[in-house]
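Participant: Encoded as structure tokens, here's the structure I'll be asking about.
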Amino acid sequence: MSTMKFCRECNNILYPKEDREQKILLYACRNCDHQEVADNFCVYRNEIHHSVGERTQVLQDVAADPTLPRTKAVRCTQCNHGEAVFFQATARGEEGMTLFFVCCNPNCGFRWRD
């Protein structure tokens, strides 16, 4: 993982810079003329970690999303409500897309897949 780099001359932040003639990645100071060759080609990495609670909340909130399509052609097996929101997504560990349903009953929110 890349970390912030600081100038050895003036302690300001070094920013990634491309040397197009030599085709190398450099880190350059914007305050002085100091430059150094990058030892790693990764200049930024953003890792997002979700808690279990966040994932559950996202799925429950989709029933209230007005942009998602709704169907009355299915019935919830938990509460027998006749309306559900549906969307396609990749299921964990599976290839291809899966059709997911979420019950629109605010007291239920049961989710299942087709």
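Heads up, the Cβ atoms here are built off N, Cα and C, so glycines get one too.
So TrEMBL lists the following for this protein:
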type    : residues                     : note
BINDING : CYS7, CYS10, CYS29, CYS32    : Zn(2+) 1 binding site
BINDING : CYS76, CYS79, CYS103, CYS108 : Zn(2+) 2 binding site
DOMAIN  : 72-113                       : domain 'TFIIS-type'
ZN_FING : 7-32                         : zinc finger
Participant: What are the helix, strand and coil residue counts for the domain 'TFIIS-type' (72-113) according to DSSP?
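Facilitator: Helix/strand/coil tally for the domain 'TFIIS-type' (72-113): 0 helix, 15 strand, 27 coil.
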Participant: State the Cα to Cα distance, in Å, between CYS103 (Zn(2+) 2 binding site) and CYS32 (Zn(2+) 1 binding site), rounded to an integer.
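Facilitator: Approximately 60 Å lies between the Cα of CYS103 (Zn(2+) 2 binding site) and that of CYS32 (Zn(2+) 1 binding site).
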Participant: Hey, how far is CYS108 (Zn(2+) 2 binding site) from CYS29 (Zn(2+) 1 binding site), Cα to Cα, in Å?
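Facilitator: Taking the Cα atoms only, CYS108 (Zn(2+) 2 binding site) lies 57 Å from CYS29 (Zn(2+) 1 binding site).
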Participant: Using Cβ atoms only, which residues of the same chain lie under 8 Å from CYS32 (Zn(2+) 1 binding site) while being at least 6 residues apart in sequence?
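Facilitator: CYS32 (Zn(2+) 1 binding site) has long-range Cβ partners CYS7, GLU9, CYS10, ASN12.
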Participant: These are the binding-site residues: CYS7, CYS103. Which one scores highest on other Cβ atoms within 10 Å?
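Facilitator: That would be CYS103, with the most Cβ atoms nearby.
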Participant: Determine, to the nearest whole angstrom, how far the Cα atom of CYS29 (Zn(2+) 1 binding site) is from the Cα atom of CYS79 (Zn(2+) 2 binding site).
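Facilitator: CYS79 (Zn(2+) 2 binding site) has its Cα 63 Å from the Cα of CYS29 (Zn(2+) 1 binding site).
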Participant: In the same chain, outside CYS7, CYS10, CYS29, CYS32, whose C-beta lies within 8 angstroms of the Cβ mean position for the Zn(2+) 1 site?
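Facilitator: So the extra residues in range turn out to be ARG8, GLU9, ASN11, ASN12, LEU14, ARG30, ASN31, ASP33, HIS34.
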Participant: Least buried of the binding-site residues CYS29, CYS79, going by other Cβ atoms within 10 Å?
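Facilitator: It is CYS79 that, of the binding-site residues CYS29, CYS79, has the fewest other Cβ atoms within 10 Å.
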Participant: Taking the recorded Zn(2+) 2 site as CYS76, CYS79, CYS103, CYS108, identify the other residues of that chain whose CB atom sits within 8 Å of the mean position of the site's CB atoms, giving them in sequence order.
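Facilitator: What remains near the Cβ centre is THR77, GLN78, ASN80, HIS81, ALA84, CYS104, ASN105, ASN107, GLY109, PHE110.
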Participant: Using all protein chains shown, find which of the binding-site residues CYS76, CYS108 scores highest when you count other CB atoms within 10 A of its CB.
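Facilitator: Output for this query is CYS76.
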Participant: Taking 10 A as the limit, how many CB atoms besides its own sit near the CB of CYS10 (Zn(2+) 1 binding site)?
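Facilitator: There are 11 such Cβ atoms around CYS10 (Zn(2+) 1 binding site).
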Participant: Quick one: average pLDDT across the zinc finger (7-32), no decimals.
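Facilitator: Mean pLDDT for the zinc finger (7-32): 94.
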